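Features of the protein shown, as given by Swiss-Prot:
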type	residues	note
TRANSMEM	3-23	transmembrane segment
TRANSMEM	25-45	transmembrane segment
TRANSMEM	59-79	transmembrane segment
TRANSMEM	96-116	transmembrane segment
TRANSMEM	122-142	transmembrane segment
TRANSMEM	149-169	transmembrane segment
TRANSMEM	178-198	transmembrane segment
TRANSMEM	200-220	transmembrane segment
TRANSMEM	242-262	transmembrane segment
TRANSMEM	274-294	transmembrane segment
TRANSMEM	325-345	transmembrane segment
Amino acid sequence: MNPPIFIIIMLTVISGTMIVVTTSHWLLVWIGFEMNLLAIIPILMKKYNPRAMEAATKYFLTQAAASMILMMWIIINLLHSGQWTVLKDLNPMASIMMTTALAMKLGLAPFHFWVPEVTQGISMSSGLILLTWQKIAPLSILYQISSTINPNLILTMSILSVMIGGWGGLNQTQLRKIMAYSSIAHMGWMTAIMMYSPTMMILNLTIYIIMTLTTFMLFMHNSTTTTASLSQTWNKTPLITSLILVLMMSLGGLPPLSGFIPKWMIIQELTKNELIMMPTLLAMTALLNLYFYMRLTYTTALTMFPSNNSMKMKWRFECTKKMTFLPPLVVMSTMLLPLAPMLSILD
């Protein structure tokens, strides 16, 4: 893609998200979503091939349907209340349908089917944008209307998302699909705590974005897209491969890594609100995520896939890829747990 055109498209994507995050007017929210959607399609098709086109088409149809539902209920709420303000009380039925539309945009279960397919069909860099930046705008609207959301609806979606995020990733060998199912599970954790502590949802989103960004950057550095290719990288870049394995454990929420912080605090907050079954179900289903991450770690670190190469060690050439941002990102993705006592300010 032509660099000036790419810069313009990225600025449009960023502008659309910023409009959604900063506005309190429903019409501007819809405009921001549409700007973001129309600008992200060329990024998804950056590598022009049939799979990328199919993925971009699936993404466009899903997001367009969600935007249509959202706009329809914005108008119905306007007729009911006579105002466009996001923070005002919503009509209960409008709140349910708006939550459903935003869940479609986020990829929450049972509207999650597009996430793995779209992520698998696009490049790693496009998948990184899809699974991180594209989550900010819908979550910001859910954050603003969290006081009017139907609790039964959002808690059901969150439990289903964590379950499907765990089950879906069990039989995957494609790293992009594994990250997609991980994203579905993390979105479930964020929406579970949204009604009780919206600030904690922002903390969870921040840590998730840092961990996912670091993991994708390491995948792109190693040019790996499958578990088989990941297992072949230990003799080329042993340090990077080791970091990927630690990051996988952090994404799974294994203590004492950074990914354990949001899960720990969410379970604690839900327990304070006298919800016993909810954190129990979340903790049990989170083991599914940890299991497929540990299995991926095992196949990568302790086994080797069959190879036709008669040489045991591949040549190690000097690395020419710049890694300026990786060291601080790796530290933040793995070593934030000692800072957890400082998070008491969220209370």
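Heads up, the Cβ atoms here are built off N, Cα and C, so glycines get one too.
Counting C-beta pairs under 8 angstroms (sequence separation of 6 or more), the transmembrane segment (122-142) fails to reach the transmembrane segment (325-345), with fewer than 3 such pairs. Counting Cβ pairs closer than 8 Å to the transmembrane segment (149-169), the top stretch among 3-23, 25-45, 96-116, 242-262, 274-294 is 274-294. When Cβ-Cβ distances below 8 Å are used as the criterion, the transmembrane segment (325-345) is approached by residues 203, 207, 210-211, 213-215, 217-218, 221, 243, 246-247, 250, 255-261, 264-265 of the same chain, each at least six residues removed from its ends. Counted as Cβ pairs under 8 Å, contacts with the transmembrane segment (200-220) are highest for 242-262 among 3-23, 25-45, 96-116, 242-262, 274-294. With respect to Cβ pairs under 8 Å, the transmembrane segment (178-198) is most closely packed against 96-116, considering the stretches 3-23, 25-45, 96-116, 242-262, 274-294. Counting same-chain residues at least six beyond the ends of the transmembrane segment (96-116), those with a Cβ under 8 angstroms from any Cβ of the stretch are 33, 58-59, 62-63, 65-67, 69-70, 72-74, 77, 90, 135, 137-139, 141-142, 145, 149-150, 153-154, 157-158, 160-161, 163-165, 168, 177, 180-181, 183-184, 187-188, 191.
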